[in-house]
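To keep things clear, I will list the structure first and then write my remarks on it.
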């Protein structure tokens, strides 16, 4: 490369000229993701994560070797250090950045020395004028070099910090995929997300400022050495003041450490609870429990803010010490300087060299305590990260996957538990499953059926014996796990698309009729948690995923329970049975459907974690009376089961019938364009408090005026000192000047302290108000909002955005006010001393604002893109954690790690472009500041004898300061606008249309409803204004305490009818009247609190069993035990160590699906209302329990009006009347007997079901 090309390349690289095209484009139009520069390969997560993971594994192996040869007890052995692994991975980059910092610091101290020579030049008018010009040019070259080196330092520093965060997040994700069950209980989904969103971010933030830990002491040392040359030993007095402050900062840091620990616990609890609330929002709305859980979140937030306030007051104290340090050091240094020698006089070169050096010192003195505090906080975060990374993983020896034997699966004297500290869940299993066999596992609720599958997968801890399997595995969980992606992607699940086989799988899993109704066929996007498809559809998609995988062993955990009998038979015949697609595969099927047992090759009957019986159908039939009794109960129930023409059902989880689904999909996060709305800033200031705001501005104005006054006082002092010839007169002048200087310092300290106190209180008030408004708004949003917005997107507002509002925004606001006043004061001082300087300031200020305008337009949009790119990472994290068993079963961990890295890379693209744009701005602003310094020095030289050395020193010291202040001011202006996006995002949720008020002034009587008469009058409803009617002209009336069955094919409007009753969907016309009251005239909670529902999907929250049964604490213990007895859970709960206080894990994972359903039934029994809606509440329980539960419902709800949504016709055949729906209209409404005689739609369905 030619020399001139090299120079041009270096200039473009150092000035970030290559980014100008994006900056200009961003000014012309809102930037989009495609407009940004892509990542360098070296910065990609695909490069960073593997290198760090390799180093982490190396540390673990080294640690194991040390422990092996160590004489210490294992409990005392040190665990692998995350910090050590990070250093070993990134040490070269960190050292490179440190060298840039050293060079920049050295250059910073050269400027005051040149300024000193210029002052001496002005004092000595005999020197050649060219010396003055030479000093001005050298000063310009030095500040330019410092600018370029500082930009390189900041660029690579930010890149390193991003790499460290990327490496840690990658390792966290990989660890989450391998956690054991006991570790999952210790770390909830919310806590794990918090590790990623807060602790990894904390580590990154520290890395950005890490060099200050050694750089600040180095700068202080260099300053002391240079000051010694000016003021001699008196500098030691200033050093003594600095040393005395260290213990104070240590005490503050220690206290902040304790507060940080408490704060982190509160944040974990808040995110955990919020995540569960969002997951179970349907139940909260149906049961009108939002205020109860909102109160719980608010209580946690209250504790969090109290800790934040305490930390703020500590910050006030820190601000006081920081403000007082420069003035105390100056006071002590000058005082001792005068005491050492009566003849010591402050000259211009000494004072302004001293001032310039202390201006340099202000930043390290200000930053060092903050960084020490950050180190303390990061140490806690490191501890939390290490605790998670050291958590127990699944033992690969739990199951042997390379089994050479003749069986597909073999258990030999095997016992398993979910946690090593607990008694065995499965005991002494001896099972041999031949290759290609169909094996059925049956048993009562909680007997351990699903645990057998988990043991085969290696998900349980093996206590003894062996379990071996041969070949690959596919797994269908009892609660289907669906990804937020296209239907085809959910089924293909990372495999190569084979069109013909794919079509066969769709047909076998009864999905073809569904695809005809979906707007985009198999390219239709499935929402988060599968919210826009029915429970049956989710289960069939899950089954299709397993079938398409082409595995050797299929573990099927009751996949037929969520579908009607016709679909169940179709799936069994076409997929699972002897003529299905899997006929030659090994199939292990957990089921409650005993009618399929004759078609199986082997049957396992599980009781209390043991194999009670094992054999073929004929063998069990001939030797077991219990087995015969079980078959008889099943036969009685199966006789009435429904066989519908439709190939799928619409359980309560699906609130949208398919004809309304065509335009329904998960919304991507909206990225605003243009400037941040001024109204958002105004709302924040309102929450902050106008009084606090104006007081804050006044105190900072006073602080800056006093600071200018100190410098002008020193300048006047040096002028007057020149003219004093008498010693006594000098002493009087010195004492007077020193006293006033000290007084000004005390006033400044008071104002800073008072300002910080005001800021803390105002920030506390704003944070409290904004969080409360957002939480209240989210709780009042209609249910459709949660169906179309990913949970990660909502949680991101409560984590990242609230963190910025809590911690960062007020800091940027404070520094911006301070900088604005500082810049104005500096310009006024320089212009006052050198009027010609205004000719330089005006054009440069114009250029400043031009650059700022271009930069803000681009930077704001890049920040928005970065904010939007964080939500998918959180959503993917949460989605992975909920489906980790399925991911591990299929062996797709590496594919999901790649997906995680792709999402991280998308975020990094925005982050890196943001870094470079900041450097683009900074290098230009600093260059303009350097020009200001040059012209200030040049004009001072040109002034010649017209200007004394004191004024020259004042001008140049302020000019050197303005470079940093102006750059800082523009940066903070941009930071305020870009961080105000978080305020905008928080207020965005408060502006979304809410559901109807919870409570209205028109309240129903306390005894309402006392009859349970439900009347629909010409009722019509639609899900969105742009969609057709879901219910059309629906008119009917129930009698008091009547039992109504609601039937219809898929999309007929059954679930919509229920949603309208609870006002989940509001009316488009007509009305619903319950016991004489139009439900649209009363509040939602007055309505929903008087209705009862037992949904198909059981939703439990982490907490005690008692809390899950009675979150409002309205029932006595006796009532709880009575409800548990009626639900046949009393014996199980009494066997638990803590009984009613037994801790339910997140999502109720430590209970079986059947037990969770029974807890929901008990919850309904405790809620004494006159109207009950049933939505197939016993789909996940065995037939014996189902029979007992149905009897309980008939007895305990005998005096209630019951509306039963029928997915199986036998559940409504004993109803007094049947409501038949089709396409949102009532087709028939009569007694079952009359409907059968009428030969209509219901009669046709009953005949198909074989009931008549």
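Even glycines carry a Cβ here, placed using N, Cα and C.
Worth saying up front: this structure is predicted, and the values here are computed from it rather than measured.
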TrEMBL annotation of transmembrane segment - which of the ranges 49-69, 133-153, 154-174 it falls on: 133-153
The annotated transmembrane segment range in TrEMBL, which must be one of 85-113, 201-229: 85-113
Listed range which TrEMBL flags as transmembrane segment, given the options 707-735, 765-793, 794-822, 823-851: 823-851
Stated TrEMBL location of transmembrane segment, expressed as one of 281-310, 311-340: 311-340
Residues from the same chain, set at least six apart from the ends of the transmembrane segment (234-253), whose C-beta lies under 8 A from its own: 220, 224, 227-228, 314, 317-318, 321, 325, 328-330, 332-337, 340, 365, 368-369, 372-373, 375-376
Tertiary contacts of the transmembrane segment (823-851), as residues 6+ beyond its ends and Cβ separation under 8 Å: 704-705, 707-708, 711-712, 921, 924-925, 928, 931-932, 935-936, 939-940, 943, 947, 951, 954-955, 958-959, 961-962, 965-966, 969-970
Beyond the flanks of the transmembrane segment (133-153) by 6 or more, those residues with Cβ under 8 Å of it: 14, 16, 97, 100-101, 103-104, 107-108, 110-111, 114-115, 117-118, 121, 919, 922-923, 926-927, 929-931, 933-934, 937-938, 941, 956, 960, 963
